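S.K.: Before I ask anything, let me first share the structure, which is written out below as structure tokens.
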Amino acid sequence: MGVKGLNQLIKEHSPHAYKEFELKNLFGRKVAIDASMCLYQFLIAVRQSDGQQLTNDEGETTSHLSGIFYRTIRMVENNIKPVYVFDGKPPVLKGGELEKRLLKREEAQKQIDNLKDDASVSDMTKYQKRLVRVSRDQNDEAKKLLELMGIPYVNAPCEAEAQCAELARGGKVFAAASEDMDTLCYEPPQLLRHLTFAEARKMPIDQITYKEAIQGLDMTKEQFIDLCILLGCDYCETIKGVGPVTAYKLIKEHGSLDNIVKYLQENPDKTKYKVPENWPYNEARQLFMKPEVLPALEVELKWKEPDLDGLIEYMVKNKGFSEDRIRSGAEKLKKGLKAGIQGRLDGFFTVVPKYSNTSPLGKDDKKRKTNDKKGAAAKKTKRR
């Protein structure tokens, strides 16, 4: 579900935390991708002209495999090394959100059943997209394809976005890639959005720098997590009527969710906001503060040469894809992976910022400048 309104708040208070660029600007980077979110996007977006998902002759859905295969190749061709991270067992607190999603799918099915025979393709597609969920079989199929492509994947013990953030924090990858803004609650140095969107959509990639985001909001890590819970996350409902502006104001005024809850409960006559009964906000906070993840140091990532014979057997003979296209894709993949990361200059050197004539100098800089002048004067005296 993500965090409602967080994008808006960061853009307003921390515009410097945002960057937009093209895929090629990630040249030489390793990126951890939220696979479950990625597959969900492919099942929705990769469709035939009549709005139906891609299927093979046996009627099996193949949209997710097409998406993984071609988008991964596109990244590798741009000298990006992706690693896909799959969800593990969801936290107990997420049960309520999962139940809501199930109810929405059931409602969408009712709408489809009630559509008349002459219903438009767009109406049918709209409700069909609401039925989409990533099955266990589809996850397994994607893993098999990645293995044959030589692309590493990680099975997270719990939430995929938390594991992506852990890999980024641990230096295994440059950034976490997910559409879910709650990924920022797990402190990835960088969050990438729209990375796996279709090229035809011409959507730039968003990069959000975590440290700059919370600095602009003038919040601690704990306050940022409290803000996200107040805005609404997957783990618990929010306080009815509290939107982004009010949530930000409450955190700034009271300092923490604990103080906000206490104030609202002790002053029911002074506010229209009611705290939900038995609201598990503290449990939600702990899931963000101490997520269940594999330590980055224990995760080994290896990119290998694709198994062409295996790809032909699986994608062509089993899944009905065009052999010419799979061979062509495999060749591009092989070429891209063989080239490897040719290197970014900032990967080999520590970039030292230059001081401009207009930039203020700190105390240490002023001392250094004074000492440099003294040293230069001494050299002139010696030369004389």
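Numbers run from 1 along the shown chain.
Placement of Cβ uses the backbone N, Cα and C atoms for every residue, glycine included.
Summarising the annotation, Swiss-Prot assigns region 'N-domain' to 1-105. Feature annotation from Swiss-Prot assigns Mg(2+) 1 binding site to D34, D87, E159, E161. Among the features that Swiss-Prot reports, DNA binding site is placed at R47, R71, E159, G232, D234, with the record citing sequence analysis. Positions annotated as region 'I-domain' by Swiss-Prot: 123-254. Residues annotated as Mg(2+) 2 binding site in Swiss-Prot, with sequence analysis given as evidence: D180, D182, D234. The region 'Interaction with PCNA' annotation in Swiss-Prot covers 341-349 and rests on sequence analysis. Swiss-Prot lists 354-384 with the feature region 'Disordered'. Here Swiss-Prot flags 362-375 as compositional bias 'Basic and acidic residues'.
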S.K.: What whole-number Å value do you get for the CA-CA distance of R71 (DNA binding site) and E161 (Mg(2+) 1 binding site)?
M.R.: 19
S.K.: Using C-alpha atoms only, work out the spacing between E161 (Mg(2+) 1 binding site) and D234 (DNA binding site) and round it to an integer in Å.
M.R.: 12
S.K.: Near D180 (Mg(2+) 2 binding site), which of the binding-site residues D34, D87, E159, G232 can be found within 10 Å, Cα to Cα?
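M.R.: Cα filter at 10 Å returns D34.
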S.K.: Can you name the binding-site residues among D34, D87, D234 whose CA is within 10 A of the CA of D182 (Mg(2+) 2 binding site)?
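M.R.: The binding-site residues close to D182 (Mg(2+) 2 binding site) (Cα within 10 Å), listed in sequence order, are D234.
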S.K.: If you run the three-state DSSP split on D34 (Mg(2+) 1 binding site), which class comes out?
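M.R.: For D34 (Mg(2+) 1 binding site) - judged by DSSP and reduced to three states - the answer is strand.
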S.K.: What residue among the binding-site residues E161, D180, D182, D234 has the most other CB atoms lying within 10 A of its CB?
M.R.: E161
S.K.: Can you name every residue in this chain, apart from D34, D87, E159, E161, with its Cβ inside 8 Å of the center of the Cβ atoms of the recorded Mg(2+) 1 site?
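M.R.: Apart from the listed residues, the neighbours are S36, M37, V85, A156, A160, A162, Q163, C164, S178, D180, T183.
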S.K.: Report, in whole Å, the straight Cα-to-Cα distance of G232 (DNA binding site) from D87 (Mg(2+) 1 binding site).
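M.R.: The Cα atom of D87 (Mg(2+) 1 binding site) is 21 Å away from the Cα atom of G232 (DNA binding site).
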S.K.: E159 (Mg(2+) 1 binding site) to G232 (DNA binding site): how many Å between their Cα atoms?
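M.R.: Counting only the Cα atoms, the answer is 17 Å.
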